[in-house]
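**Q** Checked TrEMBL, it gives:
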- T30, D31, F132, R149, V197, Q198, N224: urate binding site (BINDING)
- T30, N224: O2 binding site (BINDING)
- T30, D31, F132, R149, V197, Q198, N224: 5-hydroxyisourate binding site (BINDING)
Amino acid sequence: MIREYEVDVHLKLSTQLDYLEGNNKDIIATDSQKNTVYILAKKHGIKTPEEFGLLLCSHFLYTYRHVAEVEVKIDEYPWERLRREDAEHNHAFVYSPCAIRFAIVSQKRHGASMIEAGLRELRVLKTTQSSFKDFIQDGYRTLPDCNDRIFSTIVCATWQYSTASGVDFDAAWDAVKDCIIDKFAGHPETGVFSPSVQNTLYLVEKMVLDKVPQISRIDMQMPNKHYFEVDMSKFAPRVLDTCDNQEVYLPVDKPSGIIYAELIRK
């Protein structure tokens, strides 16, 4: 197993001598921060971005008494073991970006740690069982009702844990991703109908809170990634005489809406 992390450390000091007086005696150099990441990874290993973020927060608060607050942002890049002839390769890996996993861990001195986790760049598409109709009809509307359309989006989700005690962060991250796929796609044979991106997003967030009790809040963005059918009427019939039953769509990223919602546990 290999894990590749991009670690971003933010330190807030209780002093301002460096800014106000040009006195550098309290500065923890970025080089020292970088080396701290390397040393702690070597000494303790890395299991999850959340746990490594907690370790870094604890280290900086304990080691430097003038550090008032620590925030650690970690992106995990998705490497998986290469498979050949139905077997896992001994030492070769392939970059497989189904989604980017990230975590944001922060802690103030004498305060509890705050753990946020998330995923982004999870691009999904289904070719049917999605509609959008019966929305406001007024003088500004030109979009017609659509009973069946392509539903494509790039999901970004962020959630907050109420505790770090007894949490399997890997299992929780997998559970959130599974909830997104379940409410978006449904059963492999029958699928699931979506009356709007908004409704699908809400059902995902509700399912996450039902399945992972340690998650206290989740917010998600699902931007519309439109696919519009190409107008073939401008081509001569003789050009299209062998093209029956073929559908061609044009992907259009912008303009588009970004659907957002936040769900908080009572």
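Residue numbers in this text run from 1 along the chain shown.
Positions of Cβ are set from backbone N, Cα and C atoms, glycine also.
Where the annotation comes from TrEMBL, it is an automatic prediction and has not been curated.
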**Q** Can you give me the same-chain residues 6 or more apart in sequence from Q198 (urate binding site) with a CB-CB distance under 8 Å?
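**A** Counting only residues 6 or more apart in sequence, the Cβ neighbours of Q198 (urate binding site) under 8 Å are I259, A261.
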**Q** Would you count the other C-beta atoms found within 10 angstroms of the C-beta of R149 (urate binding site) for me?
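**A** Here the count is 19.
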**Q** Highest CB neighbour count within 10 A among the binding-site residues T30, N224?
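**A** Selected residue: N224.
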**Q** The record names T30, D31, F132, R149, V197, Q198, N224 as the residues that bind urate; what is their largest Cα to Cα distance in Å?
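**A** Taking every pair among T30, D31, F132, R149, V197, Q198, N224, the longest Cα gap is 53 Å.
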**Q** Tell me, if you would, which residue among D31, V197 (binding-site residues) has the fewest other CB atoms within 10 Å in the structure shown?
**A** D31
**Q** Give the number of CB atoms, excluding that of F132 (urate binding site) itself, located within 10 Å of its CB.
**A** 18
